[in-house]
Amino acid sequence: MKLSIALALGATASTGVLAAVVPQQEPLITPQDPPTHHHQEKFLIELAPYQTRWVTEEEKWDLKLDGVNFIDITEERNTGFYPTLHAGSYVHYPPTMKHAEKVVPLLRGLSKDNMEQNLNKFTSFHTRYYRSSTGIESAKWLYSRVSDVIEQSGAAEYGATVEQFAHSWGQFSIIARIPGQTNKTVVLGAHQDSINLFLPSILAAPGADDDGSGTVTILEALRGLLQSDAIVRGNASNTIEFHWYSAEEGGMLGSQAIFSQYKRDKRDIKAMLQQDMTGYTQGALDAGRQEAIGIMVDYVDEGLTQFLKDVTTEYCGIGYIETRCGYACSDHTSASKYGYPAAMATESEMENSNKRIHTTDDSIRYLSFDHMLEHARLTLGFAYELAFAQF
């Protein structure tokens, strides 16, 4: 995830809360073919809705160094699918928390030690850059950890699965699916890749906060959720999925591939929550702010975001603060583009977030596992309440 600067070419990024998506609409201007006089591979990126540009991979990283968010829509152009954002929400979420007596005991089982152990290992890979061999190795390790959690819970006996979602660039995404009584699905997401923007293929990118913190946060929430016998046995009303996306740093490539496939398969996704950067609090404290969970209020679903605030109030020991990150700041953008209600939580207000990301210094030593535990509580409460929601 990146702190977005004010984009002169993206005035629509400040238009307030946006939500669901109308698919299959033609863009205002159909993207033109890339210039042919350069030999470098070109990628079509979108910096705001329908504001596109052809760039090289190096130019992608230059934009990110400048704090500019984008989504890589090269493949979308090839399919002829042009979704568009619009205001409003088509899913109604519970106005109150209805399962506190079940959720609170599960929250007590969440472990900071588990998250620290997992993050220590996850950051030991030289880089998790999605085109690197160590990015594939880190994905294999994460897949084995997710598989262990599913297996140890007994959920596999009732149909729970873990899938490697393959991509052309090597590093796969991971999907853990816990079936419920219907195919209506709630998704919890984080991105597993990391990047060093100075030399992505060479320099170390431990990515402790971005987004190792979100990765182990939702992993621990999955483990905690599977302490529920009702969830394990598939007695929840809805199916729950946990996603670990590849190639977010390349422009939400992994999550786009998944949600575009879900759209083709006519999957009924009722909610998607992204956790990107959940561990850094010192910036907020240095600014004289109280520790709080940052909840995005731009380019998200308004109804789902209100529900997320309610979950935070009910199940977390700290409050929330509204913040904005602009267009295409993390994988919830992909869900929204393909018509699914999405929300996002992060560690603080964006202006106080971790400035060491995308460097060799994005290290565990700067993170608060107490804060990450609050995000795990949020994730578990969100998942359980919506698992039993009547949509």
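Cβ atoms are placed via backbone N, Cα and C, with glycine included.
Per Swiss-Prot, the feature signal peptide maps to 1-19.
Taken from Swiss-Prot, the feature N-linked glycosylation site applies to ASN183 (among others). The secondary structure of ASN183 (N-linked glycosylation site), as reduced to three states from DSSP, is coil rather than helix or strand. Proximity of ASN183 (N-linked glycosylation site) to non-local residues of its own chain (separation of 6 or more, Cβ distance below 8 Å) is seen for THR239, ARG267, ASP268, given in sequence order.
Long-range Cβ contacts of HIS191 (Zn(2+) 1 binding site) within its own chain (separation 6+, distance under 8 Å): ASP211, GLY214, THR215, TRP244, TYR245, SER246, ALA247, GLU248, GLU249, GLY254, SER255, ASP276, SER330, ASP331. Annotation comment: Swiss-Prot describes HIS191, ASP210, ASP276 as Zn(2+) 1 binding site, evidence class similarity to another entry.
Over all protein chains present, the Cβ of HIS358 (Zn(2+) 2 binding site) has 23 other Cβ atoms lying within 10 Å. Among the features that Swiss-Prot reports, Zn(2+) 2 binding site is placed at ASP210, GLU249, HIS358, with the record citing similarity to another entry.
Long-range Cβ neighbours of ASN235 (N-linked glycosylation site) (same chain, at least 6 residues apart, Cβ-Cβ under 8 Å): GLY180, GLN181. In the three-state DSSP assignment, the secondary structure recorded for ASN235 (N-linked glycosylation site) is coil. Residues or ranges marked as N-linked glycosylation site in Swiss-Prot: ASN235 (among others).
The number of other CB atoms found within 10 A of the CB of CYS325 (disulfide bond), across every protein chain shown, is 27. For CYS325-CYS329, the entry in Swiss-Prot reads disulfide bond, with the evidence type similarity to another entry.
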Q) Among all the protein chains here, how many other CB atoms are within 10 A of the CB of ASP276 (Zn(2+) 1 binding site)? A) 30
Q | Cα-to-Cα gap, HIS358 (Zn(2+) 2 binding site) vs CYS325 (disulfide bond), nearest whole Å | A | 17
**Q.** Cβ atoms near ASP210 (Zn(2+) 1 binding site) (within 10 Å, other residues, all chains)
**A.** 30
Q) Using Cα coordinates, what distance in whole Å links CYS325 (disulfide bond) and ASP210 (Zn(2+) 1 binding site)? A) 15
Q: Measuring Cα to Cα, tell me the gap between ASP210 (Zn(2+) 1 binding site) and CYS329 (disulfide bond) in whole angstrom.
A: 12
Q. What is the total of other Cβ atoms whose distance to the Cβ of GLU249 (Zn(2+) 2 binding site) is within 10 Å?
A. 29
Q: Translate the DSSP assignment of HIS191 (Zn(2+) 1 binding site) into the three-state scheme.
A: strand
